[in-house]
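Encoded as structure tokens, the structure appears first; notes follow it.
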């Protein structure tokens, strides 16, 4: 028996979740102390002397009412743009959600011909389980819950980011340390809200469903898989829609503004500048939030499904069953301690401490989490137990599972640091790419592509090794908990990730509000560190997606009754080769969408520069709203086809060709999708930072490549523009493609196993 009692488990999980939510609220209160109304900023300063020490820096304009008012005005514009876009997107997604919920109910209900009689269980035939009709109903409910939680977490993240961006700009007047803490705290709000609400909603759902299912844990956890499907299907639309929005604006703003008109980035004269800043929030924050929430929900579901048919489920050992949730609960507590290191223990005082501070977060959280996993594995698991392994039960020990989770955790860190090496301009790969700009854009593109392909090598070895070890120890359950290990520090990972777009926006606001050059330098330093950490975050998301989809694939194969996936069988092989093609088809759709939306944006920006008199001189205001509308319309229209491709493929393949072909499709998509996702993200990140390396001119080498506006710099901007849709639309959406097809196949597995393969039955 485990040391931790059932009661202790029932208390610990929700309490950890509530602590996480409380901590997020505290951080938010601290951020909101930075005032955005000029009167409060000035009078508050003189009363308590809070600003007294800084009044020497009068040229920073601490008491400049105009700057504060301007910042507040820009922030309102960005916030309103982001909110209206998300509402439009959610209306369209809501329609899809309702239709898909009906599909889930009809497909799963038809497994037993909509009968309400009990039926023999799938795995233990001697027992009776609840009717398939009710499992269909509960799967539909958990799908809707997952979808709503995913949308809410993305929306709240966006709200917090747009709340914090101008506050970060204002804090930058007092020094880089203050600005860093504001941006980081805001990121932490999002990280903790998302990790905790995901855990609490899942835990409550399990307990409510248990009232109906009672001892039928097999049916209970099968219906819970809908939660992961809901989370990920919303993430797909959030990522694709947000990615198309942000990149259409970004590419349009850069090509006309920087290359043709020679004005700086985020210049208020550029008509696409508000759309560009809105895009950072809807793509990088709302999309990223939904994406990681989806990964988290799916890895929990995959682990729970496998556990329910192992000794935990058979013997009704609730504590052992909840091991995945306990790992996440410990993760929230560990991340809370880690966050205090950045905000309260080590203060960032100058520019070159920013990136190390963010990287310390990753290392500290991983080290502490390793200890946390060891303790919880010892407390919550019996010394020996059995895990379901394709029809047999495999004996596993508690330290074996500890190894599985820890391997996933450390593999995540390795992938993060390899990504950083290939995308940060502190290291030679990006400097080589920057250097190649001497001979123009073509060599820059060649070097960037080569860097992306090369950056796949180490992460794939790390993933392969982790999969082999965790599978050898605890079969598919080992892989599912390895994915959870990688995501156990999700609160810290998201905080670091959300920090990037917030700093990026802060820089944009500083430029638009016409703040001094020194402040712009500070926000640029924050932004450059944020770019690298965003690349690390994408590495995490892709690595965890590979683990999650493999675990889901294992659960699907078990549930659909496929004894062995034989590559030599023609049914499987055709699936494999088609599955490997899907990521290319998907990337083609998303890249083309960004391209055609950017084309409209470039034409509109050119039109405004040519027809609005006094725009270049700064005497007339551009029409920001038209550009925002172009981005919104394009992304809503263009997110439907790629979304349909991913959502319909498993349904069509499973129904027409059956489970064997579908297992081939899933394996093919996983194998090719991971490679493209890593190379696309890293190529784009490297081009972006090569451009920033030339712009910053921090080293002797960078200064030889020229100031802004030189031929070298223009070649770098072109590379960066090509990389934009790669790193922010196609790359990050691919990891959702891999996971979503796997979780959808798992949810529909009972239907495919019963009625699938119509074509092969006919011939």
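Yeah, the Cβs are placed from backbone N, Cα and C, and that goes for glycine too.
Some features that TrEMBL has for this protein:
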{"type": "TRANSMEM", "residues": "12-31", "note": "transmembrane segment"}
{"type": "TRANSMEM", "residues": "93-111", "note": "transmembrane segment"}
{"type": "TRANSMEM", "residues": "131-158", "note": "transmembrane segment"}
{"type": "TRANSMEM", "residues": "179-206", "note": "transmembrane segment"}
{"type": "TRANSMEM", "residues": "321-342", "note": "transmembrane segment"}
{"type": "TRANSMEM", "residues": "362-387", "note": "transmembrane segment"}
{"type": "TRANSMEM", "residues": "399-419", "note": "transmembrane segment"}
{"type": "TRANSMEM", "residues": "456-484", "note": "transmembrane segment"}
{"type": "TRANSMEM", "residues": "540-560", "note": "transmembrane segment"}
{"type": "TRANSMEM", "residues": "572-591", "note": "transmembrane segment"}
{"type": "TRANSMEM", "residues": "645-678", "note": "transmembrane segment"}
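Under 8 Å from some Cβ of the transmembrane segment (645-678) lie the Cβ atoms of residues 100, 103, 107, 233, 236, 419, 452, 455-456, 459-460, 463, 539, 542, 545-546, 549-550, 553, 556-557, 560-562, 565, 567, 569, 571-587, 589, 730-732, 734-738, 740-742, 744-745, 748-749, 751-753, 755-760, all in the same chain and six or more residues away from its ends.
The transmembrane segment (456-484) is in contact with the transmembrane segment (399-419), judged by 3+ CB-CB distances under 8 Å for residue pairs 6 or more apart in sequence. Sequence-distant contacts of the transmembrane segment (399-419), counting only residues of its own chain at least 6 positions beyond either end whose CB sits under 8 Å from a CB of the stretch, comprise 323, 327, 362-363, 366, 369-370, 373-374, 377-378, 381, 455, 458-459, 462-463, 465-466, 469-470, 473-474, 477-479, 481-489, 535-536, 538-540, 542-544, 547, 678, 681-682, 685. Of the candidate ranges 93-111, 131-158, 321-342, 362-387, 321-342 contributes the most Cβ pairs within a distance under 8 Å of the transmembrane segment (179-206).
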